[in-house]
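*Asks:* Have a look at this one before I ask anything.
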There are 2 protein chains.
Amino acid sequence: MKQAKISEAVVRRLPVYLHVLNELQRSEIQTVSSQDLGQRLDLNPAQIRKDLAYFGEFGRKGIGYEVSYLIEKIRQILKLDQQLNVALIGAGNLGQALCNYNMYIKDNMKIVAVFDAHPAKIGSKINNMTVLDMEHLKPTVESLDIRIGIITVPAVEAQNVADKLVSSGIEGILNFAPAILKVPEQVRIHHADFTTELLSLAYYLENGADNNDDDKVVD
Amino acid sequence: MKQAKISEAVVRRLPVYLHVLNELQRSEIQTVSSQDLGQRLDLNPAQIRKDLAYFGEFGRKGIGYEVSYLIEKIRQILKLDQQLNVALIGAGNLGQALCNYNMYIKDNMKIVAVFDAHPAKIGSKINNMTVLDMEHLKPTVESLDIRIGIITVPAVEAQNVADKLVSSGIEGILNFAPAILKVPEQVRIHHADFTTELLSLAYYLENGADNNDDDKVVD
DNA sequence: TAGATTGTTAATCGATTAACAATC
DNA sequence: TAGATTGTTAATCGATTAACAATC
């Protein structure tokens, strides 16, 4: 059974499913239906079933999905069944905040090295890690088997850092800088640029005077 | 002049256009074609033209778009032509990092108040703002005309904070906590949850040995 | 003018939703 | 069994892309 090409939209929903499933497990709920998941996530049950079916048959007809089994499967799909080492570049407030998120451990993602270009930062400690000089990037990526890089430097430095990550052999980048980065095709880049979300949020604010309720939804 | 319903995908691209246009302006480029914009953003030129055409006729046939005019128009559409006041809840590392982003000023978005529930934080200074008790949320929102709230508290506290933001009269929320929040329909909520981006990034990493389409994943 | 480029309609592509046989 | 729910195909919906007349 070869996998059809799976769209990004599908892949992006998997972590969301995982998140709810983890909550269900914490509540000691054993089994869940696509119906129920759909309600909790505001998604169509058929979509959830279809998403999961791309990867295998994880449910049981008439019953639903076993929570722990589905968690296990989604974690496999997302490659979270192995530890994934991450490097973080940019030891500012944002970088420190990310380092402190211990959520990584649960998901087998771990920031194992922190880098910065500024002498003032180098040598300081974040979460028991010593901030390293950029010179150490490539050797560290190689010796610690780091596969993902997180960029938390200012926008002007972001492309430069991305280039260095690429040539150090990283496979994926999560970019927090509000900048459009060019990387070779084989390197996957995801954006965590909240400015887009914030500015587009403004669009939906009421305009004081004119409330256009021409698209009012009734259910 | 009542506009057709505009999809979220379109609205979400506007800040991206704005970003590139700002860069062009800094380079003192006066005029840009959809072709050119498309190249810079890896988007189809027809899509860019169509997106913009939802809001008006901003270009000139045979010429393209005047950069400064288009910036002005997009800022109007996104309601960034007026100052938008923002409250931030959660004065941890992430909250501090966001406060320090001075990008807001350029875009007329400004964090004008910071709140935290923990006595240790209250009264401390961030970016010249005193961190306030949550008790002050509603009166401050009203007196400073705050319309957007940013949530940077831990996941377990996020729903509680969201509720308080809603009842204080906020119109939009940007949520950084990895939690699914329930808010009334009239409040717009956007997610800046990078964990989704990070976990879905893992999916695209190479599987070491097998990256061919004819190998199925079996346990 | 001739070349370039918009705004917009039509065509295509892809993603979501509905429907239902299979089956627990 | 009868009710519930999956996996999957077919139908629908929406978004992207192509094409082109209008026109700067």
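For all residues, glycine too, the Cβ spot is worked out from N, Cα and C.
Look at TrEMBL and you will find B:16-55 tagged as DNA-binding region. Taken from TrEMBL, the feature domain 'CoA-binding' covers B:79-180. What TrEMBL records for B:G90, B:A91, B:G92, B:N93, B:L94, B:G95 is NAD(+) binding site.
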*Asks:* Run through the Cβ atoms and count how many others sit within 10 Å of the one on B:G95 (NAD(+) binding site).
*Replies:* 26
*Asks:* Which sequence-distant residues neighbour the DNA-binding region (B:16-55)? Criterion: at least 6 residues beyond either end, Cβ under 8 Å.
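*Replies:* For the DNA-binding region (B:16-55), the list is 3-4, 6, 10, 63-68, 70-71, 73-75, 77-78, 106.
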*Asks:* DSSP on B:L94 (NAD(+) binding site), three-state: which is it?
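*Replies:* The residue in question, B:L94 (NAD(+) binding site), is helix (DSSP, three-state).
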*Asks:* By DSSP, how many residues in the domain 'CoA-binding' (B:79-180) are helix, how many strand, and how many coil?
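*Replies:* Split into helix, strand and coil, the domain 'CoA-binding' (B:79-180) gives 35 helix, 31 strand, 36 coil.
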*Asks:* Report the DSSP secondary-structure composition of the DNA-binding region (B:16-55) as helix, strand and coil residue counts.
*Replies:* 28 helix, 2 strand, 10 coil
*Asks:* Hey, what's the Cβ neighbour count for B:G92 (NAD(+) binding site) at 10 Å?
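*Replies:* For B:G92 (NAD(+) binding site), the 10 Å Cβ neighbour count is 17.
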*Asks:* State the count of C-beta atoms found within 10 angstroms of the C-beta of B:N93 (NAD(+) binding site), not counting that atom itself.
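*Replies:* There are 20 of them.
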